[in-house]
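Below is one structure, written out as structure tokens; comments come after it.
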Amino acid sequence: MSALLEVSGVSKTFDGFKAINNLSFSVNEPELRAIIGPNGAGKTTFMDLVTGKTRPDSGEIRYGELSRDLTKLSEARIAQAGIGRKFQKPTVFEDQTVSENLTMALKATRNPVTVLTKRPDESDRVADLAARVGLSDTLEQRAGILSHGQKQWLEIGMLLAQEPRLLLVDEPAAGMTSAERERTTAMLVEAAKTRAVVVIEHDMEFVRRLNCRVTVLHEGSVLAEGSLDHVCADPRVIDVYLGRPEEAADA
Amino acid sequence: MLIRKPSVLVFLASLALITIVATVLAQAGLVSTSFVKLLGKTLCLCIAALAMDLVWGYTGILSLGHFAFFGMGGYAIGMWLMWDRTETIVTGTLAQSPLPPTPLEIEEAIGTQIFGVVGSSDVPWLWAFAGSLPLQLAFAVLVPGLIALVFGWLAFRSRVTGVYLSILTQAGTLALSLWLFQNDSGLRGNNGLSGLQNIPGLESVSQAVLSLWFLWASAAALAGAYLLAQWTVSGRFGSVLRGIRDDEARVRFLGYEVEHYKLAVFTVTAMLCGLAGALYYPQAGIVNPAEIAPIASIYLAVWVAIGGRGRLYGAVIGAAVVSLASSWFTGGGAPDINLGFYVIKWTDWWLVLLGLSFVLVTLYAPKGLGGLVDLWTGRRSRNVGPMGPDVGALRSKEEQA
């Protein structure tokens, strides 16, 4: 086990609002980690910072053996370096078929000239991925006509296709039926055996099922870290998060 | 593999058929030379529309400057056509003088001939290679490519997208046409380049025959451009382009450098437009700054929208139908409509009709004329346009039921 992602002293301010305030923590490889916290704690901003969507005002985010500073890389380069991201609401290319969506995500060169001229037959890899996420029957269907749950699975399939070393998952259980949640839990636990998986989640029941180390964010920095039972017993955590049942029920 | 696609086959066959029928009718004297030229020009416009569809319909970059690249191709080839023809005339005249003319004298005489109209006799630096056909042909493609590369690099790198990019391209186009309108631009101001239908070295060939040659060349170029475009939009590259159009940020998170893809498409389509322009203007006979004005690029977008963007044959159909209709209506082909109290003259009302059809197509038939093909083939699974995902899911369930 070694630190794959090391966030140190990162801050980000939006129009005077401190979304991330001197945040420091690290994720190992392999590891399954859950990040919880009330609304506005900076969970999604943290993901935006790691994937290059937003740049921090200060601090650095080191990744991999070479300790590359992700704050200097473009989104595309970060993704190429092996960081995959699943968005809160399913974002697949609705105008394209399931197979086209998966093909685009497959780990392969991203160079435009090579993509245009070299066209290897990837149908086996695509069929294999589709089978893993239960979309074998819909390969030639447009992604736009899939159900919400199927789109979630397609996006997960696209993430698997990228073969990332670090997987960032934003609220995977949102809008899923309980059967789908169970499958998602199993998939995430399985994926975390060989790579680092960071899950942002509101749903405490879901986090409990993941049975992993939990980081609690509050006002843009780490409030507590440890097993779920450990952080739940922390009086500060109870104060800001768990102590307000009406909010927990909302989420 | 490309050839096996039904739409490609049908397209190439139709193009061949039209060309052959036009040739036979022209040989039999049933259609005029000017009609053959109109047809050849239309095919060149179709190439520009294909380029526009690639850049807008597939990649989502609404460029309002691609017709400027078309015009640049025309200017590049026009420079050679004018220069070479003038050189022949001038050397013929000077040969009658007692002393053989020096190269400098010849150049001065050519300068006076070409630029006398803008009150100058100096040969501008732009014309340094005007005597060389291979170089000017290369410029017809490379100059638009280079300008698109530099412009695109600056714009895409700064992540200028959507309507802001459209405005930038339009501003660039306007600046270019205003510069060309000036007499000291070195390209004969608003006179433009003329007499381009006379091809040096082919003086003995009649325009009737020349027009057929250009028709064939235009058809071949359109066929090649279609295959190139089809190849580009198929496979993973095409998926990435459509992905950029629909959700640019998502494509970035998949690891694709969106800017590189946009730049490649922007540049290659500009070069394609340059090539089309180089074929068009010898058939048109004249190129002037008005051709490059922003309105021309807007027409290009209108053609693609009416034809159906996001499908290649749609763009071709749109360009052909609208530009031919435009020639018919504005050329006095369409009979006036007498309403008793008012006579509708199509030369005045054509633009209103075009605008109205653009609005109607945008509102009621977002798939354009190309969408009619779907009714025919019963294709409805793809490109369903703005229909929401949930509605789509519902419909597909209904279909199954």
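The backbone N, Cα and C atoms fix where each Cβ goes, and this holds for glycine too.
These figures come from a predicted structure and were not determined experimentally.
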Annotated transmembrane segment segment (source TrEMBL; candidates B:8-28, B:260-280): B:260-280
Chain residues outside the transmembrane segment (B:210-229) and at least six past its termini with a C-beta under 8 angstroms from it: 2, 8, 11-12, 15-16, 18-19, 22-23, 26, 33, 36-37, 39-41, 43-44, 46-47, 50-51, 53-54, 197, 199, 202, 272, 275-276, 279-280, 282-283, 312, 316
Among the ranges B:38-57, B:64-83, B:286-305, B:312-329, B:349-373, the one whose Cβ pairs under 8 Å to the transmembrane segment (B:163-181) are most numerous: B:286-305
For the transmembrane segment (B:64-83), distant same-chain residues with Cβ under 8 A (at least six beyond the ends): 48, 51-52, 55, 110, 114, 126-127, 130-133, 136-137, 139-141, 143-144, 147-148, 166-167, 169-170, 172-173, 176-177, 187, 192-196, 198-200, 269-271, 273-278, 280-282, 284, 287, 291-292, 294, 296-301
Maximum Cβ pairs under 8 Å to the transmembrane segment (B:135-156) - stretch from the list B:260-280, B:286-305, B:349-373: B:260-280
